[in-house]
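**Student:** Take this structure first; my questions come after.
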């Protein structure tokens, strides 16, 4: 009996209860996050209500022909005709009080994308946009709210999610907003529905609308609707810039808000490997807007699994209800009539459990954060004064203990993060990284538990080995809690003054700790009672941070499968887990000082870690699943031809090129497909040839060239439209300057690498009025990347262009490298060689492979 009474102690109860309560709260927040409204059917339709069933029918037809890659027949003909037919029917059923017009814009243009190290000059012709405008007769202000979604899809992807979901949502919005039921709603402004036909290729459709459509000059604001996932909720993750009133309308008119300033800042810092039309509409158009995207289940994004069955009626209903309410608010917004008068700086915004939105301006946020940070420090000082007076201890003793508590607490945080990072390094070294990719729950044992153990160890050791008589254990816990609160307060002040709007997340622990501290000061920290006051004060922060954890993991876990193989993604997850664990339990771990049998705490954490570590080492910890979370591969069949200055062929070969997407490339592939065991890196090829002699679709892929792999191919690819470059003429425009005129034939997607030789300078070309700065230099030479796209059947028409170089005083006959690249991404598997098909047939079942031929012709002129 004595043994049982020793084992089954109150500490054991807490060690069992705390994880159960924590898991329970997390599961409730997860359930809240995944709960979507039922899709409204046509039978149950009420006037003015978004009908998910009709949108799902539209989506079924839109994806019925497979991928809609820009430049393909499916995108340039079928999708355009589908949209025109749908819009014509909607216009025919519209109320006579509305004036609806629509057209197909065929845009040509060029612009420069200022990406770090790898800028792009993007040139396009024949890009098709379906543009629909609707105004209420007799009450049109002359200003429009623009809604944008793109109907093209990524290579091999049916695009049911990206961006078919938003396309059909916009169609249903157009139906509901033009029906007789909407005739009595207040309308000041017009609406433009932009169905743009080329987003996946450097956002050219949106740019074409901004630069050349007649209605673009009347746009006041926009909503960009995009997708980086399949299903779930749409998150509003970018706003403005500098027009915070938009968030006020979002707060007042969106039924189920899901928005966070943290997401906006993370995206704008470049931590998300993606771009949207928001950057083009905001940067090129100069318009304020809101950026929406599905982001919850990104495992299938840009894969062949982005199919109709992944999109539920609940997802469509959720998006439709939210955007419909927002549009109805903004179409009557006074601010859109004089948008420039409402430029007031950025906003701070976040939702709570998707129930309501909190929004205020950045200036208001700075004031709030500074006041609360100052209040926090004042309460800490006030509590220390109370302890000195109440316990009769010397002020120097209390202040010393407070300082030591702060040092120990800080070191404990560092120790906890270090433990998590160490686990990440070990698992990666053992080849078990990303074990959580398909089994998210493993993160809690692998990385939360070590952080909590490390953070708990400091207070435990300090209280256990430093005995003092002038302060009871509960008082020492209070000092550790105040130390943690001090850290939060200082971070809140520092981040706020530094202009980091995401500092708002620290308001939750700060506000509620301040509130519970004030109550406890009133009751003079009555023994035991104050603990329950403190725990009650932690309830709302715990709920919020569980919700935030769900969001962060849902968004970022899937992204680690389409990022890079050079970096350990477990480090990213370890740091995320450490941050969220700190926010979740930072104001709870000091209570270990009150446990008589502290081994229970560490035993529980150790057990959690060991269980998850063992599971991670089993097949269940294998990262990828065939249907739900596949491993991504880019495998290309390339033909490469390199010419000498005299026009003779100096090198020619065919290769299979493997572009890495995750930490397990190429090890898993080499273990599954014997042919790839002979693969080698590019090595010194990157020094001999411009951009390593690889026909990159996007030049930033060059960043991973050191960890990219290739195999020799026996036969060259089949090219339905081979590249043909012709030097038309060479002329001297002025002393020391030479201009070369070219014609180039090829597929819809082509690129040019232009690199003047050392001592030369690129002074002019056809693609822009000025020469943009060089990207990452090669062998001391400037490097320029030009993306060429032809839509609407124009890829049979040659491109005409010129390049002008200043030779300076140099007399050598050669001036620059010119490499022409062709991508055959929508020509179908029937153009794959037998050798290519045989290699692809060996891919493991859990792999999703994007595969198509590419061509490179490198010349020196």
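Keep in mind that glycine also has a Cβ here, set from the backbone N, Cα and C atoms.
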**Student:** If I go by TrEMBL, the feature transmembrane segment sits on one of 600-622, 623-645, 646-668. Which?
**Tutor:** 600-622
**Student:** Hey, does the transmembrane segment (535-559) touch the transmembrane segment (600-622), meaning at least 3 C-beta pairs closer than 8 angstroms, sequence gap 6 or more?
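**Tutor:** Stretch pair does not touch.
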**Student:** Let me spell it out: take the transmembrane segment (535-559), skip the flanking residues so only those 6+ beyond its ends count, and list any with a Cβ under 8 Å from a Cβ in it.
**Tutor:** 22, 25-26, 28-30, 32-33, 229, 232, 235, 260, 262-263, 272-273, 295-299, 301, 352-354, 436-437, 440, 443, 505, 508-509, 512-513, 515-516, 519, 572-573, 576, 580, 583-584, 587-588, 629
**Student:** Can you say which of 366-386, 398-427, 439-465 has the most Cβ pairs under 8 Å with the transmembrane segment (477-497)?
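**Tutor:** By the under-8 Å Cβ criterion, the transmembrane segment (477-497) pairs most with 366-386.
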**Student:** Same chain, outside the transmembrane segment (503-523) by at least 6, Cβ under 8 Å from its Cβ: which residues?
**Tutor:** 261-262, 348, 350, 365, 368-369, 372-373, 375-376, 379, 382-383, 386, 481, 485, 488-489, 491-492, 495-496, 529-530, 533-534, 536-538, 540-541, 544-545, 548, 583, 586-587
